[in-house]
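Worksheet: one structure, shown below.
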Amino acid sequence: MTAEHPSLTIVDHPLVQHKLTLMREKDGSTARFRRLLREISLLLGYEVLRDLPLTSRRIETPLEAMDSPEIEGKKLALVSILRAGNGMLEPLLELAPSARVGFLGLYRDHETLQPVEYYCKLPSELAARPVILVDPMLATANSAVAAVDKVKESGAQDVRMMTLLCAPEGVRRMAEAHPDVRVFTAALDRELNDKGYILPGLGDAGDRMFGTK
Ligand code: URA
């Protein structure tokens with residue numbers, strides 16, 4: 001958390017920061033970018049899920065019975081903002097293989113920078129699940145705010161957002177629209193340019209992940 005952005009958690013672990021540097025470099029291959037995004041997402045996921053409530057269950061070890069902790073309540077809901085969110089979804093599913101999964105198709109109109117919804121499929125009973133929205137880049141936050149609006153309309157109460165990079169403009173916009181949503185990221189960059197790209201950033205995360213232009 002920072003004083004200026006109380007809802008933001010920057011995961012400043014050396015491994016995360018080192019891998020992010022490699023991801024930012026413009027000449028890295030698609031395969032390397034994808035692999036690093038997976039590795040960083042596993043590390044970010046660890047922090048995003050840190051405060052999940054625990055209960056305990058009676059089990060038998062080979063030697064004796066014990067009360068052992070397990071995660072309480074309904075399974076998580078992971079909601080990927082298409083398409084770049086999918087690169088963070090798969091590693092989160094490695095951490096939480098029973099999670100329910102939703103997809104929100106919100107592309108950014110390159111002229112207006114406003115989100116346009118083209119697909120929405122969400123898990124049931126969102127009110128009873130922690131909901132983790134995933135999208136690597138929190139730039140203007142227009143899509144992210146629309147995504148939070150959407151999951152809250154479906155009942156979500158505990159909503160967290162996992163991103164790779166944030167712009168201060170996006171963090172402020174999310175905090176104004178949804179002050180209860182905690183945002184987890186690897187870095188808070190300097191600013192947005194006039195096309196809505198994060199500076200210094202890493203370019204278009206979807207293009208770099210999928211090898212498109
Ligand atoms: N989306 C991206 O992929 N990159 C940016 O810099 C901003 C939004």
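Note: Cβ is positioned from N, Cα and C throughout, glycine not excepted.
When ASP27, ASP204 are compared with the 5-phospho-alpha-D-ribose 1-diphosphate site residues ARG83, ARG108, ASP135, PRO136, MET137, LEU138, ALA139, THR140, ALA141, ASN142, SER143 in TrEMBL, the one appearing in that site is ASP204.
Among the binding-site residues ARG83, ASP135, MET137, ALA139, ALA141, SER143, the residues whose Cβ sits under 6 Å from any atom of ligand 1 are MET137, ALA139.
Taking every pair among ARG83, ARG108, ASP135, PRO136, MET137, LEU138, ALA139, THR140, ALA141, ASN142, SER143, ASP204, the residues recorded as binding 5-phospho-alpha-D-ribose 1-diphosphate, the greatest CA to CA distance is 17 Å.
Taking the Cα atom of each, SER143 (5-phospho-alpha-D-ribose 1-diphosphate binding site) and ILE198 (uracil binding site) are about 15 angstrom apart.
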